[in-house]
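Participant: Heads up, here are the entries from Swiss-Prot:
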{"type": "DOMAIN", "residues": "51-348", "note": "domain 'USP'"}
{"type": "ACT_SITE", "residues": "C60", "note": "active site, nucleophile"}
{"type": "ACT_SITE", "residues": "H307", "note": "active site, proton acceptor"}
{"type": "REGION", "residues": "367-443", "note": "region 'Disordered'"}
{"type": "COMPBIAS", "residues": "374-385", "note": "compositional bias 'Basic residues'"}
{"type": "COMPBIAS", "residues": "393-404", "note": "compositional bias 'Basic and acidic residues'"}
{"type": "REGION", "residues": "521-545", "note": "region 'Disordered'"}
{"type": "COMPBIAS", "residues": "524-537", "note": "compositional bias 'Basic residues'"}
Amino acid sequence: MVVSLSFPEADPALSSPGAQQLHQDEAQVVVELTANDKPSLSWECPQGPGCGLQNTGNSCYLNAALQCLTHTPPLADYMLSQEYSQTCCSPEGCKMCAMEAHVTQSLLHSHSGDVMKPSQILTSAFHKHQQEDAHEFLMFTLETMHESCLQVHRQSEPTSEDSSPIHDIFGGLWRSQIKCLHCQGTSDTYDRFLDVPLDISSAQSVNQALWDTEKSEELRGENAYYCGRCRQKMPASKTLHIHSAPKVLLLVLKRFSAFMGNKLDRKVSYPEFLDLKPYLSQPTGGPLPYALYAVLVHEGATCHSGHYFSYVKAGHGKWYKMDDTKVTSCDVTSVLNENAYVLFYVQQTDLKEVSIDMPEGRIHEVLDPEYQLKKSRRKKHKKKSPCTEDVGEPSKNREKKATKETSLGEGKVLQEKNHKKAGQKHENTKLVPQEQNHQKLGQKHRNNEILPQEQNHQKTGQSLRNTEGELDLPADAIVIHLPRSIANWGRDTPDKVNQPWHNADRLLTSQDLVNTGQLCRQEGRRRSKKGKNKNKQGQKLLLVR
């Protein structure tokens, strides 16, 4: 259903001439509404920063909190739609209607530099013209807005559950699990929350504080747990996890003591993008990304003194410092360097549609704390196989090609002809360890009386031993490196594979020979006698010792 909505005339006392002119020229706002619409998580239309707020006397704490709520994307969109005021039966004194008018006036009916005064409906029940805790005012405002919604729902639907747009946006579920250490039985309890308090007494970062929240607590002695299965008090462990993540996450850094109000003024780092998945009771699927959009800051020694201000991210993506009537632009670096009191994050379920964009290609790098560790492990364990089967055509697909007889003399001529082409490749190939092994093998071969073979090499004018690693023969030649005494191979070189042809591809590194697929099979059976190497018709075997 498509509904055309127009905003009512603003209060002249709170509107500047420029704002009135803007309202006269403003077109109607069209939004799509359905019966079961959920609050949007992003700005429907990019908006600039809201106007400054007048300090009526020690009211900086409520101004800072109202600015954060005004720039909460799903709440602002719901307020700008004016959906609630159209169904409210008693708009006078209604906190939801007052907040709707405040957000509409701040974002739509004001010019840059305008200042407005917060409605007394939002402030009178809490503000007594003295400094108060901004977080307490924030939670008081959300609870009273929630109650206003429930009154309307109960009048229209008496059987409806205690749900409201406020809980749909800010609400989540805690899961408290108690486990009996004797019978291992568990008991789960679920509680709603609107904010997540974080103990920062020993935490260096928000992520560490979130982990500390989930630490197991032992229940013993007077605090022992009564187990229904054991039917008596037993030692138990208690853990607390976020079971259902809210659309908007409020993280409250516990800087003030409960009794004296003294402040814990220590630096706690917080990210611009946060992945909440590791902190859920049942983490499944991919990352659960959140983006920072507002920060509430306190300067001073106690919560009842000092000064409050806030940073907000406007609908068009720019950051602003909201300090009562002053609205100044800033960068995200300034925002992340503050000693924050309350952090506001919005869930990003669809990165392509959310206005507070996070680089989609860097999501795992930014959000997943284990991504870099997993990436480094994959690189460490990924090793390239020394086998040459990955070069050229796979062995199972290679065709058996006919070969012709080639003499050593012809091989020498062809080698010298192609030596220049293959020289560059051989210079870049590290064969020093192989050449040392070949020298050792050569000494063993001499001890096994293979002088006739060496004399034959001298007659042909070619020293195969000096050309190991750079022998370049025609594609139809077959070269076999076969030591005379195979039985002594494993005992003489225990660090090598006990198959001489296993290293044949290391002895000949010429790319041309590898691509022909005519090297001897590495997986072949071990041959113990030289006489078994018989020449097939049309082939010339070169036995290299």
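Just so you know, the numbers here start at 1 and follow the chain as drawn.
Just so you know, glycine gets a Cβ as well, placed from its N, Cα and C.
Worth saying up front: this structure is predicted, and the values here are computed from it rather than measured.
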Participant: What is the Cβ neighbour count of the residue listed as 'active site, proton acceptor' at a 10 Å cut-off, with all protein chains included?
Facilitator: 16
Participant: For the residue listed as 'active site, nucleophile', just count the other CB atoms lying within 10 A of its CB, please.
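Facilitator: Within a 10 Å radius of the Cβ of the residue listed as 'active site, nucleophile' lie 22 other Cβ atoms.
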Participant: Between the Cα atoms of the residue listed as 'active site, proton acceptor' and C60 (active site, nucleophile), find the distance and write it as a whole number of Å.
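Facilitator: A Cα-Cα distance of 7 Å.
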Participant: Limited to the domain 'USP' (51-348), I'd like the whole-number average of pLDDT.
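Facilitator: Averaged over the domain 'USP' (51-348), per-residue pLDDT gives 90.
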